[in-house]
Amino acid sequence: MKKWISLAALATVVVATASGCGSNGNNGADSNNGAAAANNSASANNSASSNNAAASNSSNSTKSDPVELTFWGDWGGEGQKQFETMVDAFNKSQDKIRVKYVLQQDMITKFLTAATSGGSPDILFWDRWRTSLYAPKNVLHPVDEFMAKDGLNKDDFYGEALKELSYQDKLYGLPLTVDARALFYNKKILADAGINTPPTTWDELEQDAIKTTKWNGNKLEVAGFSLGDNGLFNMYLQQAGGHMLSDDGTKTNFNNDQGKAVLEYWDRLLNKDKVYKVGFEQGLGEGTDAFVTGKLAMQYTGPWMLSTYKKYGKDLDFGIAPPPAGPNGDKGSVMGGFGLVIPEGSKHQAEAWEFIKWWTANKDNALLWAKTSLNIPGYKPALEDPFFKDDPFWKPFLDTLEFAKIRPAHPGYSVMEGDALIPNLQLFQQSKQSLDDTLKKAQTRGDQLLTDNAEVK
Amino acid sequence: MASIGKLNQHQARTAYLFITPTMLLFLAFTIIPVVMALYLSFTNYDVVSRMDFVKLDNYKRLWHDSLFWQTFKNVCYYAVIFIPLNILISLLLALLLNFKRFGVKLFRTMNYLPTLTSAVAAATVWIWLLHPEFGLINNLLSYVGIVGPAWLAQTETAMFSIIMVTLWQSVGSNMVIYIAGLQGVPDYLYESAKLDGATAFARFRYITWPQLRPTTFLVSTMSIIGALQLFDQAFVLTQGGPGNVTKTPVYLIYQQGFNQLQMGYASAQAFILAVAILIFSLINMRISKSEESIV
């Protein structure tokens, strides 16, 4: 009897875990379908009722009700307010289209189920690097025809950002924001160390970092330069004159002299000059941020930190400079940012395009967006404004964006970086692995992951 | 005779009626998803555009996926240290707090409290405590002249830190289970043992421990499952780093399924994980059965 009971208990436990795992790999099949179905019926009701209203109205009078558009994004809080400011401005500017912003915390997962089962939104706030993974699956609508019809000039946008929104010569949206990392430096710490201008080369950066680092016995009190983010390897590699992927975009391309130069530089900074300590910044959030509390003299970060750092006013006197150039004078930074795209499942693609065009391809609106959200818009004419041109904080970013490159558009790129490259770089930084081994292992494993994740059709 | 049969029949019908809602839910949310996941593990399902049968391709790819096997090594290392410590500490706590003394309930509550906190919130606080320069732990160590490591950032200590944090969070609930088990041990066994002159240790060894066998079996089985499915703490504390030493199978499954949209491959990984859990649980059952029988 006892045996029977324990067997039964074991069986239930195993089934329960299997279903736990099962639902992980099986999201489309159950729980989310329910949510999507609910969404579906809700939006179906909406469109049905608005259609009805439109139909009855048009029989009565010639003036029709506005088209209702749904705009999905995953920015809440401040971001949501910024989006709503733009949406309201658009709704006020005309009376044919009404846009509504809907906050979706788990946007991508929701979008996946919506894309397959209807109920798709009309406009999607889009992290651009995802394009290479999603566009081949035909869930996004190309905008080339709209572009041609309205005579928009592609040169008005950052070319790299458009490239990131493209797949096989088709463009899938327009860039809303562009960003790139630049060098943030604490003016006071640098001045105390007798440095008046920020570094412009790797050697200067190294010397300045040495001068600003302060150790108290075994305790690091002020780190000269942050080496906490191994994910910036891409940026350093560009500065060393290299590229992450081979020219055909299928293989890694860092197990060479350029990759070696980056790792030797890191090794010097970390283990010989000791300007940083592994784990120094880990877990320090806003308020305890090492740069804010004066425990870090220089770091690479992006415009998204500006509003946080500006809050501290006089307590944090900082400056920004374009990233220092590598040994052969090469400059490099990685461009990222968001765009707006139209899902293939949208029933009002033309109207959705009107909204996207109004927001991203109009100088005044792009500028309104920039001032509301403190982001750099992807539309270049808006950057001519004094708001950007004359601001010492924006200028270095605009300079950096001139040479910044996007991440390679390979659907397996982020996995390659996260699972093959960064773990090996971490082992190298902690002297657990030689330089040659690190690059070789990262290359072998990286090539494998690129191949495994290449097929997306 | 016939009327008794009729009554039984009627009772049986009512019983089925009563369990139907539960069974339907179980079918819809457990059985069907498991079967679906098994089927999907033989396809290249990507949620949006395709679901073709690819036979054993996913499992073949899995066989050569060195990272997947490394995550198994990671959780095995975790399990080997976590499970015995978990049983030992929660049993000791239970023995300590099983006495009927003034204030003992307060201590039970305090030991149980960490279980009530959300895993993610607790892990976030632990990140601060474990900070190499400004964290409480290393500050305390510095008073006795020890320079503490960068707990979460160094390959040697990262997994150890996760073990400690998860232990802190899980011993409370296991302690409660053990206290319940201890209170189920009949007093006459202890009385007669005392009359025969058994020492406290002998009483524990020959009465308490064997009597607690079903409890230990439950606690160890749950620990095995929890260990193999480790995710939140590892995700928040170290994001699988440094150098992949704290990456776990569930982390990979999540990434493969939701970031790379390879649900078919992710389902295959999930099934291998389920099989692994089954195997380890069976081993655990065999071990617990091979001990001497309950008095």
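Just so it is clear, glycine is given a Cβ too, placed from its N, Cα and C backbone atoms.
Taken verbatim from TrEMBL:
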DOMAIN    B:72-284  domain 'ABC transmembrane type-1'
TRANSMEM  B:16-42  transmembrane segment
TRANSMEM  B:77-99  transmembrane segment
TRANSMEM  B:111-130  transmembrane segment
TRANSMEM  B:136-153  transmembrane segment
TRANSMEM  B:160-180  transmembrane segment
TRANSMEM  B:263-283  transmembrane segment
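When Cβ-Cβ distances under 8 Å to the transmembrane segment (B:16-42) are tallied for each of B:77-99, B:160-180, B:263-283, the top count falls to B:263-283. The stretch from B:77-99, B:111-130, B:136-153 that makes the most Cβ contacts under 8 Å with the transmembrane segment (B:160-180) is B:77-99. Counting same-chain residues at least six beyond the ends of the transmembrane segment (B:136-153), those with a Cβ under 8 angstroms from any Cβ of the stretch are 127-130, 160-161, 237-238, 241-242.
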